[in-house]
Amino acid sequence: MIDVAPESKKAKDLKGDFWDAKNIQISIGEIITEEKPPEEEVKGPKPRPHVTDLRSWDMKLLERYEPFYAPFCDMCCLCTYGKCELLGKKGACGIDAATQQARTVLLACLIGTAAHAGHARHLVDHLIERLGEDYKIDLGSNVDIEAPITRTVMGKRPATLGDLREVMDYAEEQMSHLLSACHTGQEGDSKDFESKAFHAGLMDDLTREVADLAQIVALDLPKGDEDAPLVELGFGTIDTEKPVVLCIGHNVLPGADIVDYLDENEMEDQVEVCGICCAAIDVTRYNEAAKVVGPLSKQLRFIRSGVADVIVVDEQCVRTDVLEEALKNRSAVIATTDKMCLGLPDMTDEDPDKIVNDLINGNIEGALILDPEKVGEVAVKTAMKLAPIRKSLKKLPDIDEIIELASECTDCGWCQRVCPNSLPVMDAVKKAADGDLSKLEEMAIEELCYTCGRCEQECERNIPIVSMVTKAGERRVKDEKYRIRAGRGPAQDVEIRRVGAPIVLGDIPGVVAFVGCSNYPEGGKDVALMAKEFLERNYIVVTTGCGAMSIGEYRDEDGQTLYEKYGGQFDAKGLVNMGSCVSNAHVSGAAIKIANIFAQKPLEGNFEEIADYILNRVGACGVAWGAYSQKAAAIATGVNRWGIPVVLGPHGSKYRRLFLGRADDEEKWKLKDLRTGEVIDGEPAPEHLLYAAENREEATVMIAKLCIRPTDTPKGRQMKLSNYIDLHRKYLGTIPDDIDRFIRTEKDIPIVYKRDVMKILEEKNWKPRELPKEPSLLER
């Protein structure tokens, strides 16, 4: 088989026994010795969409859900024209405040997307180097639609690891165009910047799917296993008598090779391997013997505890002062990716034993090793030799020392002023000076303090407040023993067939996905309580990353974690841990599969029809209660483009932009019924696309509300409104005053609340309206 390429050679004369020709041009391309299966036909109108190809869909979303901007400041300081004040003015380049905010949002989304894309590129290239380009993508007999995002965006199914390189090439090309639009004197419209942010979010979705797909098939991670094992979670599960290797970050390769080295040398029981953040999630997907310390909020506390003999860092969400903190108690640091070199010498080509000796003897502060297999050997050998030397360092300041340190406090109050959650830090320190550690202990046990360390930076007496908080909570650390279900990967096709109709018709009231980071306003318990609320109400609860860990750190009144109480099936009352940050792609993927499997919508190149279906029919809502990073911004924006609303915590307003609907503007909610061709009155469902709630109570009510969809059957709508009203009464004390907007006919009214609701309807002069048969925002 000859694959024609553009390079060519010309022959002036070509003669033979039966051939005589001149000026023949022959193109010779790659010679392929093995026949490849024919590529699937591209079915949809827009495969591999360029920056503007989905702009019309974006504008429909932005017309309904107008951007609400909350800038940190009114200045633009991006070029040497500035700095320019934009409050009621334009900058020297002509940009206004809204457009500048939209550009900032696009930049944040691109940073997040680049982080996931860089991660995916690392994985794909390394795994191809190990296994070859022809390594098959196979998720088992229960998953036929193994890459729903890739199929929809690229227009074809990836069959091998090599095919994923093509996906990465496309995403990286799009990111280059998007970033160029941020240059001074380029895009000048805020909504077009938002359209580009949507495209960046879609590229983020795409590259996350590539990353998780590659590691699932190449490392044999669970392939949609609803019975994925329960693994250990919490400080108290770590055996501090053993050498301890701690992995921090998101790239599974170094951690997997550490586990492999232990296994190959029959040392599994001699060394503890644990992780913080998504590295922990993915290492336990690879080997259930590894342990999860907790979400990224545990990072500084655990490093300060001195438990880790070796700290292996890869990429994303690692404290940039990790080396400085590790050196305080002689923990060895190994950096493993080009994203985070920490100023360390590159030891990739050095003999492993030499690296170990240099680390043990303090000849180097740490090592940069870009070969994951070598990381495995060096990390284990270093931990084995360093642990006996460091045994006396695995402790925090004693109680008397804490009292002495606290007595240095000058009552300046700066620790409280700079605390992101305005915790009573100074009061806790003052009580500690009197020998009362209860307030410090409360901050540790209730996870109110997520150890950002800003209080220490401001303290004029250099009081190590985070270390004091950690020590105060130490006596309870031994009780921090929980169970979390290992990340299972995508929803199986058979599960989608089972739940597709109940979700679209409203019989299952919704799919709620708790994702994101641990920048919580009042601790991780809030996430667990919200998850518990919706599990008890028959929702499907999906989770990933730090959110999955926070849910696991809660025990109910029976002493069980929610993972022990609820199964891992993608079905009503299922608590589904899909995996790490990159596994968030399976949340969007499940919604896409519903459109394909239940509604028979073709995927390939058919983004707009799929997104339109999800927006109007699939009752799903994302919750990023502790979102802090640019990655979280990209994830939320990508999910929004598919038509899935997201609720943020109060810190989410710092992303500078929300997508809020106006329920009072009836024109914005009109729908086209594709079955009849008529434009009909709609309802604010979902009312918002990106919303920041002030507290758990408000968020819980809003989540239930954002699962309402125009296609709910009367029975399904009754169920959804029953939850909405019940939660509103439970947390806010009243029946919602907008309930009339969601009653289409009297059949929608929950029987339990019929009298109260009918009274409201009469007061508001409510009129019944027609139910849409096939609602859409599209013209066709």
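Placed from the backbone N, Cα and C atoms, the Cβ positions cover glycine too.
With a cut-off of 8 Å between CB atoms and residues at least 6 apart in sequence, the same chain places nothing near C73 ([4Fe-4S] cluster 1 binding site). Taken from Swiss-Prot, the feature [4Fe-4S] cluster 1 binding site applies to C73, C77, supported by sequence analysis.
Around the Cβ of C79 ([4Fe-4S] cluster 2 binding site), a 10 Å sphere holds 14 further Cβ atoms from the protein chains shown. Secondary structure at C79 ([4Fe-4S] cluster 2 binding site), taken from DSSP and collapsed to helix, strand or coil, is coil. Here Swiss-Prot flags C76, C79, C84, C93 as [4Fe-4S] cluster 2 binding site, drawing on sequence analysis.
The CO binding site annotation in Swiss-Prot covers H116 and rests on sequence analysis. For H116 (CO binding site), the same-chain residues lying six or more positions away in sequence with a CB closer than 8 A to its CB are D204, T207, R208, A211, C581, V582, K631, A634. According to its DSSP assignment, H116 (CO binding site) is helical.
Taken from Swiss-Prot, the feature [Ni-4Fe-4S] cluster binding site applies to H250, C278, C317, C517, C546, C581, supported by sequence analysis. Under DSSP, C581 ([Ni-4Fe-4S] cluster binding site) is assigned to a helix (H, G or I) in the three-state scheme.
Look at Swiss-Prot and you will find C409, C412, C415, C459 tagged as [4Fe-4S] cluster 3 binding site, backed by sequence analysis. DSSP gives C415 ([4Fe-4S] cluster 3 binding site) a helix state. Taking Cβ-Cβ distances under 8 Å and a sequence separation of 6 or more, the neighbours of C415 ([4Fe-4S] cluster 3 binding site) in its chain are V425, M426, V429, C455, E458, C459, I465.
The [4Fe-4S] cluster 4 binding site annotation in Swiss-Prot covers C419, C449, C452, C455.
Among the features that Swiss-Prot reports, domain '4Fe-4S ferredoxin-type 1' is placed at 399-429, with the record citing sequence analysis. Panel annotation: around the domain '4Fe-4S ferredoxin-type 1' (399-429), residues 435, 437, 439-440, 442-443, 448-450, 452, 454-455, 457-461, 463-465, 468-469, 471-472, 519, 521-522, 651 of the same chain, lying at least six beyond its termini, place a Cβ under 8 Å from a Cβ of the stretch.
Same-chain residues lying 6+ beyond the ends of the domain '4Fe-4S ferredoxin-type 2' (440-469) with a Cβ under 8 Å from its Cβ atoms: 297-301, 304, 396-397, 402, 405-406, 408-410, 412, 414-421, 423, 425, 428-429, 431-432, 476, 518-520, 522-525, 550, 553. According to Swiss-Prot, the domain '4Fe-4S ferredoxin-type 2' annotation covers 440-469.
DSSP classifies C455 ([4Fe-4S] cluster 4 binding site) as helix under the three-state reduction. Taking Cβ-Cβ distances under 8 Å and a sequence gap of 6 or more within the same chain, the neighbours of C93 ([4Fe-4S] cluster 2 binding site) are C79, Y81, C84, T184, G185. For C449 ([4Fe-4S] cluster 4 binding site), the spatially nearest entry among the binding-site residues C76, C278, C317, C412, C517 is C517, judged by CA separation.
Looking only at the binding-site residues C76, C409, C412, C419, C452, the one with its C-alpha closest to C278 ([Ni-4Fe-4S] cluster binding site) is C452.
For the binding-site residues C412, C452, C459, C581, counting C-beta atoms within 10 A of each C-beta gives the highest total at C581.
In the three-state DSSP scheme, C546 ([Ni-4Fe-4S] cluster binding site) falls into the helix class. Listed in chain order, the residues near the [4Fe-4S] cluster 3 site other than C409, C412, C415, C459 are T410, D411, G413, W414, V425, M426, V429, C455, E458, E460, R461, I463, I465, each with its Cβ within 8 Å of the site Cβ centroid.
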